[in-house]
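**Student:** I grabbed these lines from TrEMBL:
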type	residues	note
DOMAIN	C:78-269	domain 'ABC transmembrane type-1'
TRANSMEM	C:7-33	transmembrane segment
TRANSMEM	C:82-106	transmembrane segment
TRANSMEM	C:113-134	transmembrane segment
TRANSMEM	C:146-167	transmembrane segment
TRANSMEM	C:188-210	transmembrane segment
TRANSMEM	C:216-236	transmembrane segment
TRANSMEM	C:248-269	transmembrane segment
Amino acid sequence: MQTKRTVFPNKLLPYLLIAPQIFVTVVFFLWPAATAFWQSFLRQDAFGFKTNFVWFENYRRLFADPIYINAFGHTLIFAILVTVLSTAIALLLAAAAMRVLRTSRIYSTLLIWPYAVAPAIAGILWWFMFNPSIGIVAYMLRAMGVSWNHLINPDDAMTLIVIAATWKQISYNFLFFLAALQSVPRSLQEAGAIDGAGPVKRFWTIVFPLISPTTFYLIVINIVYAMFDTFGIVHATTQGGPARATEILVYKVYFDGFIGLNLGSSAAQSVILMVIVVALTAVQFRFIERRVQY
Amino acid sequence: MATINIIDVKKNYGAVPAVKGINLSVADGELIVLVGPSGCGKSTLLRMVAGLETISEGDVEIAGRNVNKAEPADRDIAMVFQNYALYPHMTVRGNLEYGLKNRGTERAEINRRVAEAAEILEIGPMLDRKPRELSGGQRQRVAMGRAIVREPAAFLFDEPLSNLDAKLRVQMRVEIRRLQRRLKTTSIYVTHDQLEAMTLADRLVVMNGGLVEQVGTPVAVYDRPASLFVASFIGSPPMNLVPVDVVRAADSAGTLVLPAGTDMVGLRPDALLVIKPVEPTVRLNATVELLEPIGGESHLHVRLGKSQRTVVLTVPGRPDFAENANIDVFARVDAMHPFNSDTGKRTD
Amino acid sequence: MVENRPFLNFLAHLVLILGVTIVVFPVYVAFIASSHGPNDFLSGVVPLTPGSHIIENYSTMLSSGMTSSGAPPIGPMMINSLIMAVGVAVGKIAISILSAFAIVYFRFPFRTLAFWMIFITLMLPVEVRIVPTYKVVADLGMLNNYGGLIIPLIASATATFLFRQFFLTVPDELMEAARVDGAGPMKFFRDILLPLSITNIAALFIILFVLGWNQYLWPLIITTDQSFYTVVMGIQRMAAVADAEPRWNLVMAAVILAALPPVLVIVAMQRLFVKGLVETEK
C-alpha cells in the first residue's frame with residue numbers, strides 16, 4: 001500500500017492516533033454487523049423463550065415470502081426510475097448550463113441547494129403538493145382530468161416517492177456532470193466542429209463518451225442512494241403504503257425489526273442488504289479507476 | 001572538528017542492496033561531492049548520513065560522535081532539498097525560524113541569525129513574503145538560508161540545483177561555492193551532473209551501483225580515471241574508448257608501450273587531433289561522419305578505419321570537413337588511458 | 001460553445017429556467033403555505049401568494065410547537081440538530097484526520113488491516129445494520145443522549161480517504177525538512193500538515209454538517225425522549241398524522257425552518273462545498 005518514502009520512526013504513536021476510529025468502527029460497525037450476521041441464523045420460538053440455530057431457514061422464508069419479493073421488486077423499480085430520471089434530467093441541465101457558461105454560476109446556485117434538504121423533508125414537501133384535498137399539483141392534475149390519490153392508489157404513491165427522491169438527487173448529479181463537462185478539452189469540440197458535426201451530434205459522439213466514467217459512477221451512487229438514503233422519504237410520507245406499495249427493502253428492515261420485532265428476519269434482511277452494498281461498492285471501486293490507488 | 005566518517009555503510013531494501021559498503025572520510029570544512037548516475041546510491045547514502053534512512057550495516061560518525069540511532073534533528077546537520085521543501089504557509093522568516101524555535105533558541109539569537117543569513121544570501125527584502133511569491137532561484141536561497149541559520153556541523157545538499165534552468169544553475173553553483181568557502185562548513189553535495197561536481201568539489205566521490213568507483217580531487221579524477229566507468233562519466237564530451245588493436249594497428253613504428261592486460265584505450269576528445277603535433281602520436285585513418293559547431297570550437301564525429309567505431313574530437317574553430325571525407329586523426333600517446341575491460345579498471 | 005446558435009442558447013436557457021422552477025417550486029409552495037392562517041386551506045384550493053401570518057406561524061412553531069399532535073417546539077429541536085450536526089462533523093474530521101495521518105506517515109504492524117477495517121465502514125451504512133447497532137447503543141446506555149446521537153456515526157471512511165489522498169500529495173521533502181528542523185510527528189502535524197489541510201477541512205465540514213443535520217433514521221430510533229428529538233425526524237410526527245388533516249401552515253413553517261440551516265450553509269459556501277463534494281467522491 002502506498003506510503004511516503006520517509007516515515008516517522010515512532011512505534012506506539014500510530015496506534016494511539018488510529019485508536020479512536022478503530023474503536024468506533026469495531027464497536028458500532030463491525031460488531032453489530034457480525035451480530036446481524038449471527039442473528040440471521042437464529043429464530044425465536046413463538047413464546048420468545050428459546051432461540052434456535054436454524055441455518056438458512058430465515059433466508060429461505062424470506063425468499064418464499066411474496067411480501068418480501070414484492071419489496072424487492074418495488075425497490076428495483078424505485079431504484080431504476082430514480083436513477084434514470086435524476087441522471088437524465090441532471091445531464092440535460094448540465095449540458096444546458098455549459099451552453100450558457102457565463103450565467104451558469106447563477107443557475108448553479110439555484111440548482112444545487114436541494115442537496116442540503118433531507119430526504120424526509122423532500123418527501124413531506126411533495127406529499128404536501130400532491131395532497132388530494134389541498135395540494136397544488138393535485139389541483140392542477142384534477143384540472144387536467146387526471147385523478148390522483150396517493151393514499152389509496154399504489155401507483156400514485158410510488159410515483160410520489162419517485163418524484164421526491166429524484167427531485168432531491170438532481171442537484172448532486174448536476175454538480176458532477178457539470179464538473180465532468182467542464183473537464184472535456186475545448187479543442188476536442190472545436191475539432192468536431194471543423195469536422196462538420198453540429199452541437200447536438202458533437203455532444204453525443206464526443207462529449208458523452210468522454211464523461212462516461214462520471215456517468216457510470218453516478219449511476220452506481222444513485223442506485224445506492226435510492227436503496228439506502230431514501231428511508232426518510234418513505235417513513236415520513238407513505239410509511240410503506242398503501243398496502244405495502246411503497247415498501248422498499250430499507251424500510252422493511254426497519255419495520256420488521258423495530259415494529260414487528262421479528263429479529264431473525266430483520267437480521268437476514270440486513271445481511272442481504274449488506275451483500276448488495278458490498279457488490280455495488282466492489283463494482284464502484286473496480287471499474288472506476290479514479291478512486292484511491294493502493 | 002566537524003568531520004564526517006562513513007564506515008563500511010550498507011543499505012538493503014529487503015533483499016535488494018542499494019548501498020554495498022561505502023568507506024569515506026570527510027575532513028573538516030571540506031566540500032565533498034557524491035556524483036553518479038541515477039540509482040547509484042548517492043542520495044541513499046546522503047539520507048543515511050542525514051538520518052532519513054535507516055542504516056542497514058556500518059557506522060556514521062559526525063563530529064566524532066556515532067549517530068546511527070540519532071534522529072535527524074539531533075545530528076547537528078542541515079539539509080538543502082532538491083524541491084526546496086519550504087513550508088508554503090509560512091513566510092520566509094517563518095521558514096528560517098522554524099528549526100531554531102523547535103530547539104528553544106532565544107528570540108534575540110534567532111533574530112540575529114536570521115538577519116545574518118538574510119544579509120549573506122541577499123534575501124532581506126523577501127523576509128515577509130510567502131514562498132509561492134518567489135522565483136526558483138530565490139526559493140533555493142531561502143532553502144540555503146534555512147540551513148545556514150542552524151549553524152550546523154555539516155551541510156547536506158540533495159541535488160539542489162536540478163530544478164533550475166541552465167543559466168540559473170551556473171549562477172547558483174558559484175554562489176554555493178562562495179558560501180561554503182565563506183562559512184567553512186563541512187558539506188556533502190549530491191548531484192548527477194558531472195560538470196557541477198567538477199566545479200564545486202574539493203574532492204569527488206564517483207559512485208556506481210552502490211559502490212565507490214573513485215575518490216579524488218576533480219583534477220586527479222579527470223586526469224587519471226581509475227575505471228572505465230569513471231572515464232566515461234567524467235568529462236564532456238565523454239572519453240572515447242577504443243579497442244587496443246585498433247591503436248596497435250596504427251602503430252606502424254611499434255613504439256607504443258602499454259601495460260599488460262590492456263585491451264581498451266581511452267582518449268579524451270582533445271587528445272585526438274587533426275593536425276600532427278610535436279608530441280608523439282599514432283596516426284589513425286578515419287572517415288568524417290558529422291561536424292557539430294558549438295561556437296568557438298566544434299565536435300567532430302569520425303569513424304575509425306576498418307573498425308567503424310565512432311569517436312568524437314574537439315577541434316578549434318569551424319573547420320570545413322565534408323561528410324564522408326577521409327582524414328587522418330592523430331592520437332597522442334601520452335594522453336592514452338589504458339584499461340582492462342574485464343576488470344573495468346585502469347591497468348597502470 | 002463553439003459556434004453561435006441563438007436558438008440552442010434560447011433552448012438552453014429555457015431548459016435551465018424550467019429546471020430551476022421545478023427545483024424551487026416545492027419550497028416556494030411550502031413557504032407560501034407557511035405564511036397563511038389556519039383557515040385559509042379550508043376552501044380546498046391552495047393559495048399562491050403569501051399570507052399575513054408569517055411571524056405568528058414561525059414563532060409558534062419555534063416556541064410551543066403543535067402540542068395537539070404531539071409535536072414539540074421546533075426551537076429546542078433545532079438546537080439538538082445543531083449539536084448533532086456540529087458534533088458529527090467535528091468528530092468525523094478529528095478522528096479521520098488522525099487516522100489518515102497515522103496510515104500515511106507511519107509504518108506499523110496491522111497497518112493494512114486497519115486500513116481495510118476503515119474501508120469496510122463504507123459498505124455498512126446505518127440502514128443496513130440498524131437493529132444490532134441499536135442494541136449495542138442501548139446496552140451501553142447511550143440512548144436519549146448526545147453521545148448516542150453523535151458517536152456511533154463518526155467513523156467515516158470517506159473523510160479518512162480524502163485526508164489520506166491529500167496527505168499523499170504533500171511533498172515528502174516537507175516532512176523531511178521538518179524532521180531535520182527538529183519537529184517530531186505531532187509538531188509536524190500541528191505546525192505544517194494541519195495548516196495545509198485547512199481548505200479540505202472546511203469543505204468537508206460543510207458536507208458533514210449537512211449530513212449530520214439531515215440524519216433521520218438514527219435519531220428516530222435512539223431517541224424516545226422528546227427533549228432529544230432532532231428537527232428533521234421530529235417533523236415527521238407532524239406531517240404523517242393518521243386521523244386528522246395536519247395543520248399544513250404550521251407544518252410547512254416547521255419544514256422551512258428545518259431545511260434552512262443546511263441550505264444556507266451550502267449556498268453561502270458554494271465554492272468550497274462543490275470542491276469538497278467533487279474531491280471526496282473521487
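Just so it is clear, glycine is given a Cβ too, placed from its N, Cα and C backbone atoms.
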**Student:** With pairs fewer than 6 apart in sequence excluded, do the transmembrane segment (C:7-33) and the transmembrane segment (C:216-236) have three or more C-beta pairs that lie under 8 Å?
**Tutor:** no
**Student:** Six or more residues beyond either end and a Cβ under 8 Å away: which residues meet both conditions relative to the transmembrane segment (C:188-210)?
**Tutor:** 85-86, 88-90, 92-93, 97, 101, 156, 159, 162-163, 166-167, 170, 174-175, 178-179, 262, 265-266, 269, 272-273, 275-277, 279-280
**Student:** Under 8 Å, at least three CB pairs between the transmembrane segment (C:146-167) and the transmembrane segment (C:82-106) (pairs 6 or more apart)?
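**Tutor:** Counting Cβ pairs under 8 Å (6 or more apart in sequence), the transmembrane segment (C:146-167) reaches the transmembrane segment (C:82-106), since there are 3 or more.
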**Student:** For the transmembrane segment (C:7-33), which stretch among C:82-106, C:113-134, C:248-269 has the most Cβ pairs under 8 A?
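**Tutor:** Answer, by Cβ pair count: C:248-269.
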